[in-house]
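Chemist: Handing you a structure now.
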Amino acid sequence: MASERLNSILNHLKMPSGLAAVTSKNPDDIVVTFAVRTPLTKALKGGLKDTPVDCLLMQLFQHVLERSRIDPKLVEDISVGNVNEPYTPHKARAAALAAGFPNTTAVSSVNRLCSSGLMAIQGIANQINSGSIEIGLAVGVESMSQIPGRGPELAPEVLSASQEAEDCLQPMGQTSENVGKDFNVPREVQDQYAAKSYQKAELAQKSGWFGEEIVPITTKVKDPKTGEVKQVTVIADDGIRYGTTFESLSKIRPAFPEWGDKSTGGNSSQVTDGGAAVLLMKRSTAEKLGQPILAKFCGSTVVGLAPRIMGIGPSLAIPKLLGIFGLTKDDIDIFEINEAFASMAVYCLRELGLEEEKVNPRGGAIALGHPLGATGARQVVTGLAEMRRQKKKVLVTSMCIGTGQGKAALWVNEVL
């Protein structure tokens with residue numbers, strides 16, 4: 001009886017399925033009316049290396065208010081995805097107030113590691129959907145230049161109770177080598193994939209495609225040699241290595257020789273600083289306020305898996321997402337899959353049977369960088385911009401998550 005009741009509840013809650021249902025327009029749809037990101041810059045070396053997270057957030061918030069023209073009094077909640085910054089709730093709240101949001105705009109932070117930016121989006125969307133708020137801002141941000149040096153620690157009782165619990169402490173590089181070994185992803189194939197990521201990002205940057213995604217950040221940078229501090233305005237991503245080829249990547253030494261010989265600094269995601277913001281509300285609210293509707297947020301899902309092979313998370317999360325909405329991979333025009341490492345990216349594309357040209361058309365984290373808390377929101381900004389350029393309709397964003405998880409979300413572009 002209990003199982004029958006559960007099935008009845010699940011059937012009642014089941015979302016409308018199929019492409020027609022996903023692309024339909026209804027007043028209660030959760031929609032995106034504004035989405036931007038900062039430049040992504042090299043941690044410890046790039047233009048944002050000396051920028052505190054609260055300063056980065058303040059300017060990002062200011063751009064949202066100025067460019068979206070939303071009345072700040074109407075934004076009821078802000079959710080900030082972040083992984084490593086100490087006192088994120090305090091800094092995010094202060095940054096929002098400094099940027100011009102009134103004290104009636106609430107602020108919180110959320111952390112599910114590499115999916116934190118998408119968790120912020122889902123949290124705001126859920127609040128709007130439930131009637132808790134009408135308008136909210138989802139943000140992801142990370143300064144990897146300022147990550148504390150010490151990693152997490154676990155109690156001996158926890159470590160001794162479960163091998164998988166202990167595996168949660170495996171460094172990400174080790175998990176990448178595990179994926180390469182366990183699923184036969186050769187170094188050569190990883191370098192070939194990484195080269196294409198760089199080449200796509202180079203084309204996108206030279207073609208000016210990133211221009212509509214990025215808002216400038218004015219900050220101060222300290223010269224590590226002279227100590228001189230100067231003010232700069234950062235306007236572009238600085239991690240894209242022009243002229244990268246398979247041949248040049250094949251010369252780079254393994255980054256994690258204690259665990260394997262396949263992952264390198266050239267075929268792994270870059271350590272990066274940056275942020276992104278997505279403004280959300282119901283379709284009916286956007287129409288009433290005259291806010292432009294960029295896209296519809298259909299929903300998101302999450303999966304768990306073995307921590308030691310955390311990188312394959314998208315290969316599990318994406319089929320689950322598509323199943324929820326009654327879609328197949330052929331219904332999806334573009335996939336934004338976070339390239340934590342080429343090992344997991346190659347595996348996921350192979351396992352899902354995806355066409356390479358549909359995945360990360362502007363390059364991925366190998367070329368652009370992976371600011372941990374920001375990536376989940378950054379992918380939405382980049383993916384929707386590319387959807388508009390190509391005049392495509394349906395987008396999936398997805399990422400693997402440290403400790404063994406995967407997350408994916410479904411979007412419909414409405415600017416064709």
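Heads up, the Cβ atoms here are built off N, Cα and C, so glycines get one too.
Annotation comment: TrEMBL describes 30-284 as domain 'Thiolase N-terminal'. Taken from TrEMBL, the feature active site, acyl-thioester intermediate applies to Cys114. TrEMBL lists 293-410 with the feature domain 'Thiolase C-terminal'. The active site, proton acceptor annotation in TrEMBL covers His370, Cys400.
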Chemist: Please list the DSSP helix, strand and coil residue counts for the domain 'Thiolase C-terminal' (293-410).
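Modeler: Helix/strand/coil tally for the domain 'Thiolase C-terminal' (293-410): 56 helix, 30 strand, 32 coil.
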Chemist: Could you measure between Cys114 (active site, acyl-thioester intermediate) and His370 (active site, proton acceptor) for me? Cα positions, answer in whole angstrom.
Modeler: 8
Chemist: If you average per-residue pLDDT over the domain 'Thiolase N-terminal' (30-284), what number do you get?
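Modeler: Looking only at the domain 'Thiolase N-terminal' (30-284), pLDDT averages out to 97.
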Chemist: Counting across all protein chains present, how many other Cβ atoms fall within 10 Å of the Cβ of Cys400 (active site, proton acceptor)?
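Modeler: Excluding its own Cβ, the number within 10 Å is 33.
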Chemist: Since the record lists Cys114, His370 as active-site residues, which of them has the fewest other Cβ atoms within 10 Å of its Cβ?
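Modeler: Sparsest of the active-site residues Cys114, His370 by Cβ contacts within 10 Å: His370.
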